[in-house]
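Features of the protein shown, as given by TrEMBL:
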TRANSMEM  6-22  transmembrane segment
TRANSMEM  43-61  transmembrane segment
TRANSMEM  81-102  transmembrane segment
TRANSMEM  114-141  transmembrane segment
TRANSMEM  196-215  transmembrane segment
TRANSMEM  235-255  transmembrane segment
TRANSMEM  275-294  transmembrane segment
TRANSMEM  347-369  transmembrane segment
TRANSMEM  381-398  transmembrane segment
TRANSMEM  404-423  transmembrane segment
Amino acid sequence: MESLLVVNVLVFMALLLLLSQLPRRLFHDKPAAHQQWSLAKKVLAGLVMGVLFGLGLQLVYGNDHPILKESMNWFNIVGNGYVQLLQMIVMPLIFVSILSAIAKLYDVASLGKISVLIIIMLLFTTLIAALVGVLVTHLFALTAEGLTAGTQKIAGFSVIESKYRDKVADWTVPQLILSFIPKNPFADLTGTRPTSIISIVIFAAFLGVASLELLRSNAEKGQRILVAIDALQSWVMHLVKLVIKLTPYGVLALMTNMVASSDIEDITKLGGFVVASYLGISIMFIVHALLLFISGVNPLRFFKKVWPVLTFAFTSRSSAASIPLSVEVQTRRLGISQSIASFSASFGASIGQNGCAGLYPAMLAVMVAPTVGINPLELKWIASLVVVVTISSIGVAGVGGGAIFAALIVLPALGLPVTLVALNELLNKPIAFSIVL
């Protein structure tokens, strides 16, 4: 038993070493500048190696073997360690990026226009995602009637409910909006509240506007503040680059664990729901491609350039942790300005996430509605569902388990039971993928 564990860990370490040396091994020497592998190629290599290694472990041990579980604990040092490093830099990156973006505008009116356009687009795509959720659920004739979760899922739901229900069950829309306003920004920097990300965005925005006001009233002091903000941003961005260089290794570990631990039995039991969900996410993928085309952007080139951040979102199941990589990809590969990239990534982690806050709660609502005598095909009810889903998506997405949070707001708001929330575990990988997209 111990020897098999050691072998698994040694093979994993060898794969990490091979990944770090791939360009050199491939060209049998130190690679020339034009032969250096891009981040996307390294991430793809890590993904393929992780899938193959995970499949090998699955074939040898199955997905519930004690040795496999213990091996995955060791693999998680790299996988979860990388995710935690990204989570470490999320709040500082958001704070500094928003602060710097506003300080460089020199025009508060421009800030308002940028913010409004970004928020409108995020909410618009969430509205479409909700409609897509309704469509695919009806297309597959999915219903919660007679659907039973296994003992493990029921136990999992008890934990989920105790963890999230108290946070959202009694919230009204005014209370939700009030929760966005920062009360203790230093506590919010630690992510203590579900709406901490939006609060930090607002706090940084106020500081940025204050720096512009200071620049107008006292040019000398204002300029010092702007120089300090610029230096702080450069410092944090260098930290971000250090962490992002570790992405291929994190993806290798995360993909290994994901493939090796895939519970095929659970997926087949709820096959229709899973297939419908993936179809819905695929449709949203097409919707985004159409929006890119309408905007004059080649969708294929765009997807190729953003591949690293999409891959990480899928494997890590965390959209918030993808913020640093998203900003990096937008600025370096898409040529988007630092200010716009920071705004879109930060707001996108907190408002209008298409997967967890749009598609998922809409599907659950349509499935559960018949169990309480509601006709989910009624246009008035569908309109109410779409409005509730879109509004509730504000502030939900930055939370770990954001899909659960969204469902626990939407379902009670429509007078529906929350018995299917635990299905989130089968879907949070592709959901994170669609959110970052």
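FYI, residue positions are counted from 1 along the chain as it appears here.
Using N, Cα and C of the backbone, Cβ positions are placed for all residues, glycine too.
The stretch in 6-22, 43-61, 114-141, 347-369 that contributes the largest number of Cβ pairs under 8 Å to the transmembrane segment (196-215) is 347-369. At the 8 Å Cβ threshold, with sequence separation of at least 6, the transmembrane segment (114-141) comes into contact with the transmembrane segment (347-369) through 3 or more pairs. For the transmembrane segment (235-255), the list of distant contacts is 12, 15-16, 19-20, 39, 42-43, 45-47, 49-51, 53-54, 75-76, 78-79, 81-83, 85-86, 88-89, 92-93, 96-97, 308, 311-312, 315-316, 324-325, 327-328: same-chain residues at least six beyond its ends, Cβ to Cβ under 8 Å. Within the chain, the transmembrane segment (81-102) has long-range Cβ neighbours (under 8 A, six or more residues past its boundaries) at 111, 188-191, 196-197, 200-201, 203-205, 207-209, 211-212, 229-230, 232-233, 236, 239-240, 243, 246-247, 249-250, 253-254, 316, 318, 320-325, 327, 338-343, 345-346, 349.
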